[in-house]
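Student: Feature table excerpt (TrEMBL):
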type	residues	note
DOMAIN	95-228	domain 'Peptidase M56'
TRANSMEM	6-22	transmembrane segment
TRANSMEM	34-54	transmembrane segment
TRANSMEM	86-104	transmembrane segment
TRANSMEM	267-285	transmembrane segment
Amino acid sequence: MTDFLIKSTLPLFVLLAVYHLSLEKEKMHQFNRFYLLFSLVFSFAIPFITIEVVDESANALMQTNTVIAGNATMAIVEETIDYTPIILWGAYGLIAALLLFRFARNILKISSRIKSNTVVDYKKAKLVLLKEKTLPHTFWNTIFINETDYHNRKIEEELFSHELTHASQKHTIDILFIEIIKTIFWFNPIFIFYKKAIQLNHEFLADEKVVTSYNNVSFYQNLLLSKANEDLTYHLASNLNYSLTKKRLFMMTKTTSRSIATLKKMTLLPLFLGLVFFLCIESVAQDKLIPNENII
């Protein structure tokens, strides 16, 4: 287990660092979405991959066969039970079970809100009209909005477009995936940072769609800023005002040349190969055995 954690955490850390230092600042959000998800899968697969390389310089080993003659006295060693692993696994299982319960409860809450409120079709998604004050947010292909704002047409088309992007690109799959990983490996804080990176990249994708469709960046930025102070976020959902920072606003006007994007993508290949070489390749000596029998 320790070997698995070490071999998986190292690439998780390296790949996330590369993302923040090199990829996140570029406008290639679809690729970055794939990169973050692949980094998780790759890091979990690494501990199970072993590439053996035979060392041609054979070592001569003497094989000793010892034959015990006469009477032999065997010492009986009384084994003691170490309860430490049992306690640790018990604590891990208890916390994981509590987090899994919270995860299931959040899913049921979303399902209950859909069943107990009015649902209307909207393009390729469904709108759930909530009576309480809420910002537009999306789970799967369902967009939750305030009923009064909807009937009074107070929800701008840009906001609908933003949420429809979350729905059509199925961002909920990514969130559920990383949330399950966080539940299983709750003791490893790196997955918190992966979730933040994944969710922020989702917002980059949705913002990019709106800016491309409506071509009015300043209006859209001011619209988001007007919603930023409304502290309404929902677990497991894609939230409109998630991480509305200078980074997100700057990305709306950012441009990345095709040559820069291609160059950065190409540099990732030696990075992945280097991780495989460093963590998966084991040198195996080709030993030659020379028999030698001793009689006691």
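Using N, Cα and C of the backbone, Cβ positions are placed for all residues, glycine too.
Note that TrEMBL annotation is computational and uncurated.
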Student: Counting by DSSP secondary structure, give me helix, strand and coil numbers for the domain 'Peptidase M56' (95-228).
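Tutor: Across the domain 'Peptidase M56' (95-228), the residues distribute as 89 helix, 19 strand, 26 coil.
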Student: Mind checking which residues of the chain, 6+ beyond the ends of the transmembrane segment (267-285), have their Cβ under 8 Å from one of its Cβ atoms?
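Tutor: Same-chain residues near the transmembrane segment (267-285) but 6 or more away: 7, 10-11, 14-15, 18, 22, 35, 42, 46-47, 49-55, 57-59.
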Student: Six or more residues out from either end of the transmembrane segment (86-104), which same-chain residues have a Cβ under 8 Å from its Cβ atoms?
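Tutor: The answer is 179-180, 182-184, 186-187.
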Student: State the mean pLDDT for the domain 'Peptidase M56' (95-228).
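Tutor: Mean model confidence (pLDDT) across the domain 'Peptidase M56' (95-228) is 94.
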